[in-house]
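Visitor: Supplied in structure tokens, the structure appears directly below.
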Amino acid sequence: MSQKNIESVDPAKSKEPENDNDLDANSNSTAEAEAGAPKEDAPADFDKAIDAAGFGIFNLLLLFVSIPAQSAAIFESSSMSFILPVAECDLRLTLEDKGVLNAVAYAGMTISAIAWGYLADTKGRKKILYWGYLIDAVCVFGSALSQNFIMLVVFKFLGGLVVNGPAAVLFTYLTEMHGPKHRSSVLMIVGMVTSTATISLPLLAWGIFPRDWDFEVVGLTIHSWQIYLFVLGIPSLVSGLIFCAMPESPRFLMAQGRTEEALQAFQHIYHVNTRKPKDTYPIKQLVQEVPSRKANRDEVIYTIEEKTGEKVPQKPQSRTLMESLRSGLAQMKPLAHKPLLRLSLLLYIMQFGIFLGMNTIRLWLPQLFASMAQYEAEFDGATASLCTVLEFSVNKTAETALDYANACSEPKEISMDMYINNIIVSACGFVGYFFAGGIMKALGPKRLMTYGLYISGTFGLLLYFSVSSLMTLIVSALFLTITGIAVSSLLGAVVALFPTQLRTVVVAIAMMCGRFGALSGNLLFPVFVQIGCLPPFIMVSSVLLLAGTLSIFVPNPAKATFS
């Protein structure tokens, strides 16, 4: 805290005897104990204010809300992979159509990334969260009512476009509602929620798809896969409604210079956590944080000053979208020069390759397991290599498109093996998440990233040599688990290797590159499958091995020099 702010404390309370020799030892120890507590009249920064609000019911409620909120984002990007085998006849899907449905949500996410970042930093976290999730619920319910391929593609694209905002802001909102002591634990819990949501997708499919739920509502034909999509829209609706009642992030309000509103938010959190009156909240004044308008014209990273004794506008000067874009580009200038240019390009290419390989296999796996089950049912339980199953799947899909009447004369029955296999793969990822921290400590983040990418690239090619459904299950589960750990290592490297003021920008661009990789992989996979069995697995393996090779040239995050 600046000297200026220290001097602004009420003089009446600062008139104390300089010598306390008359006081006994107990008084001295009491004074020392009270020195650590926040003074009511001293302006408090964010960390002191949020710690004074305590940890209790409000924080638990916030973590409870994160369950449907984070699940909504996972459901939006992954739900199509589970309905492809079931909706093939209803939507008359070709192999290319399936690739488009898997990829289209990522297209929306890629396009909207920059716009959502601007809105979150100007309009606030709360508005993005409740409007974003409510609009996403409308998009998911619209996809559940889709009667044809085009209608479903449009709603999935809009869903990806919309959910990208609240999904990204959720992490920021959660960290801004907790003090330093609890932030890492909160993010760990969100990671567990993500893994749980991934497991819930095949569990819900198992519970809904086998049901004979075909009926009409106001002229719309509804099938079991549409009920599945409707159920997946409920978390978005619930999240949006709950976030309407949540307070704005006090961290955001303080950064905007709206300290009175920030103090009210802290008081509300304190009241819910302690069940004490709001006026008993020990902090009475917050540090005034506003961007210094005395900065140079081209300067973007403004100095934060603490101002308590002078008049300060309650809101910082507003900027237009173009001014914000120019400011953002100016702030990103260091990324266009050495040494950050080379490092950032390495990480972007790695993120593109990892997401292409991981999400291509992950989103096509339910279709592959369904084709395996269908092949074994048609050939009296005979096992076959993955290439044989792929050829069988391509032929069946082509037959459905060319001879719809015969191919879809009877409802398709999906074997239980398809659901069980997907649940096992998701559960392996969940278990791997718990061991990731220990493995990272043992090997170090760079070694884990390099070894993980080389191993996952090898497993990606090994899928081509799979000779049975059991081998395919084991190899794919290991592939997705190890690749997921490598992604965590890469994001950890970004945090450690880039200056604080550039980390958010680099992570945002890296995620955009990753989503573009997922989009590309899912569009290319059906094209390569029709060429032959080997090309799609060479694509997956080569990008991961390339990412592993590039990781050798990434500095060791443990020896990072940036702060």
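Each residue, glycine too, has its Cβ placed from N, Cα and C.
Caution: TrEMBL annotation is automatic and unverified by curators.
Okay, these came from TrEMBL:
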type: DOMAIN; residues: 57-559; note: domain 'Major facilitator superfamily (MFS) profile'
type: REGION; residues: 1-41; note: region 'Disordered'
type: TRANSMEM; residues: 55-75; note: transmembrane segment
type: TRANSMEM; residues: 100-119; note: transmembrane segment
type: TRANSMEM; residues: 128-146; note: transmembrane segment
type: TRANSMEM; residues: 152-174; note: transmembrane segment
type: TRANSMEM; residues: 186-209; note: transmembrane segment
type: TRANSMEM; residues: 225-246; note: transmembrane segment
type: TRANSMEM; residues: 345-365; note: transmembrane segment
type: TRANSMEM; residues: 419-436; note: transmembrane segment
type: TRANSMEM; residues: 448-467; note: transmembrane segment
type: TRANSMEM; residues: 473-498; note: transmembrane segment
type: TRANSMEM; residues: 505-528; note: transmembrane segment
type: TRANSMEM; residues: 534-554; note: transmembrane segment
Visitor: Of the listed stretches 186-209, 473-498, 534-554, which one has the most C-beta pairs under 8 A with the transmembrane segment (419-436)?
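Guide: By Cβ pairs under 8 Å, 186-209 leads among 186-209, 473-498, 534-554.
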Visitor: Please indicate, using numbers and ranges, the residues of the same chain that are 6 or more beyond the transmembrane segment (448-467) and have a C-beta under 8 Å from a C-beta there.
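Guide: Apart from its flanks, the transmembrane segment (448-467) reaches 350, 354, 357-358, 361, 383, 385-387, 439-440, 475-476, 478-479, 482-483, 485-486, 489-490, 493, 533-534, 537-538, 540-545, 547-548, 551-552, 554.
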Visitor: Please work out whether the transmembrane segment (186-209) lies in contact with the transmembrane segment (534-554), by counting C-beta pairs under 8 angstroms that are 6 or more apart in sequence and asking whether there are at least 3.
Guide: no
Visitor: Honestly, do the transmembrane segment (55-75) and the transmembrane segment (152-174) touch, with at least three Cβ pairs under 8 Å and pairs 6 or more apart in sequence?
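Guide: Yes, the transmembrane segment (55-75) contacts the transmembrane segment (152-174).
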Visitor: Applying the under-8 angstroms CB criterion, which one of 100-119, 225-246, 534-554 scores highest with the transmembrane segment (152-174)?
Guide: 100-119
Visitor: Summarise the model confidence on the domain 'Major facilitator superfamily (MFS) profile' (57-559) as a single mean pLDDT, whole number.
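Guide: Within the domain 'Major facilitator superfamily (MFS) profile' (57-559), the model's average pLDDT equals 82.
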Visitor: Can you tell me which parts of the same chain pack against the transmembrane segment (100-119), counting only residues 6+ beyond its ends and a CB-CB cutoff under 8 A?
Guide: 76-77, 80-81, 84, 93, 128, 149, 152-153, 156-165, 168-169, 321, 324-325, 328, 359, 363-364, 508, 511-512, 515-516, 518-523
